[in-house]
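Inspection log for the structure reproduced underneath, given as structure tokens.
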Amino acid sequence: MSDEEDDIILSELDDEELVAQMMDDLYDGLKEEIEEGTNILLERGWQPYDVLTKALVAGMTIVGHDFRDGILFVPEVLLAANAMKAGMAILKPLLAETGAPTIGKMVIGTVKGDIHDIGKNLVGMMMEGAGFEVVDIGINNPVENYLGKAAEEKADIIGMSALLTTTMPYMKIVIDEMVAQGIRDDYIVLVGGAPLNEEFGKSIGADAYCRDAAVAVETAKELMARKHNRAHAG
Amino acid sequence: MTTNALSELLSQRDWLLTDGATGTTLFNMGLVSGDAPELWNVEHPDRIRALYQGPVDAGSDLFLTNSFGGTASRLKLHNAQDRVGELNRAAAELGREIADASGRKVVVAGSMGPTGEIMEPMGPLSYDSAVEMFHEQAEALKDGGADVLWVETISAPDEYKAAARAAELAEMPWCGTMSFDTAGRTMMGFTSADLAKMVETLPNPPLAYGANCGVGASDLLRTVLGFQASGSERPIIAKGNAGIPKYVDGHIHYDGTPDLMADYAVLARDSGATIIGGCCGTTTEHLVRMREALETRPRGETPTLDKITQALGGFSSPSDGTDGEGPARRERKGRRRKG
């Protein structure tokens, strides 16, 4: 089926064309192409942080928006996220060497009794892509897992996911425990999952409900900025 | 296929009422969020009897067993993966007991919810493992006396197919619904039209198919209209949530009133659904009003989308992907690379 005229040699594209091509490839979840593109940009002397933000994150932002708008669905986003992860795997050690800035640290997990991790994984990958450091504690987490890991990692954000109406109330148990221990205001608490909505997020005392991974990233950035401003003002 | 309790009722009646919520009802009985409802089948059988008795007293023709999370992959969370047989059998046995004592024909439908894992190639779950897990559950529900298997809240087409195969292996009639909760589609992007088409291609098609859970009552009816438009004669199931979840006084409350759900039931029937009921947030109070409405209000014409939103509220997304009006996939700027 190969159509010779359609073949593209990534290394023959100029930077601008290559980045545009990488965004398309990310959108289509083409992992090997993303790895190749990432390596080419690095060979051309790009800073790892620029490859991350200008190619990968910019590309995932488009994916996130189309997910939000009901154009792409979970299978496409998982493929895109896997492609991005492959690019990230190349960049991560380099980012650590160059001391690229991280915007904040998040502990994320699915609540007790709930096995669903698709949404959580997507949020984790998108947050990483946006420059956050993400500590994933997996599924089925009791309150002590969230609070223990958040303290240990000195996290800024606690993210909780639930996909069942039988497990979503557990988020309140976690937040109530934070209040009881007097540490509620030490963290930004974000919640998400299909049966939730904004009002639910508010009523259980979360900082925000995020309807999808793209919104989670935007919300986390905004709340981190506010947290910094408060810290500086105080 | 030989006759069974559900196919008999379907041949005699032009609508059937199912039950409402299982999870939200159990919370009201003291289930703690995060704990496995299925364990109550042996730890608190009286509470499960009460759960089943509710819809029977409200006039439901069919109720689901407390076995939604009864596959090995879900029970594993509670370290009960070795108790699939015991817990599902108990769920069905208690159901059989309540149905047989009702004095009329009530169908015990063995609930089978999603495994919670993602199917290959996106995730780790193979088709064969999914079939195996569903089959294990199906055999236990059959042993316990379920009349039919009731596969629900599925998102991935392959998982639906795996459950169909499990029903075939267990030699049980089955019904299967998906949850259309993402812009009118399942989270995997499957539309109502896709499901209507797929069920007709299955080697072991369901007795009835449809939608459950999802977003609100309006969205669910738009999905039913999508099934109806496919022209299939197969009975359609509509099991929608009683509105939207809210957190009130320490527990989850759904904002759909019994009156709203009564309107929903009648509109569901007008939209082409035969098996009608509720999902999350639907209490016996809702079911009583739904039964009354279905019995007393005459059938109407197929409602327009406008009529549905006027009666039940707006949709969660402008399109459900079946009208060609939805937002389009982004065009590639560059060329696709081959090889």
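For all residues, glycine too, the Cβ spot is worked out from N, Cα and C.
A quick note: this is a predicted structure, and the numbers were derived from the prediction, not measured.
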Of the candidates B:C175, B:C213, the one that TrEMBL places in the Zn(2+) site of B:C279, B:C280: B:C213
Integer mean pLDDT for the domain 'Hcy-binding' (B:4-294): 95
Helix, strand or coil at B:C213 (Zn(2+) binding site) [DSSP, three-state]: strand
Cβ-based isolation winner (fewest other Cβ atoms within 10 Å) among the binding-site residues B:C213, B:C279, B:C280: B:C213
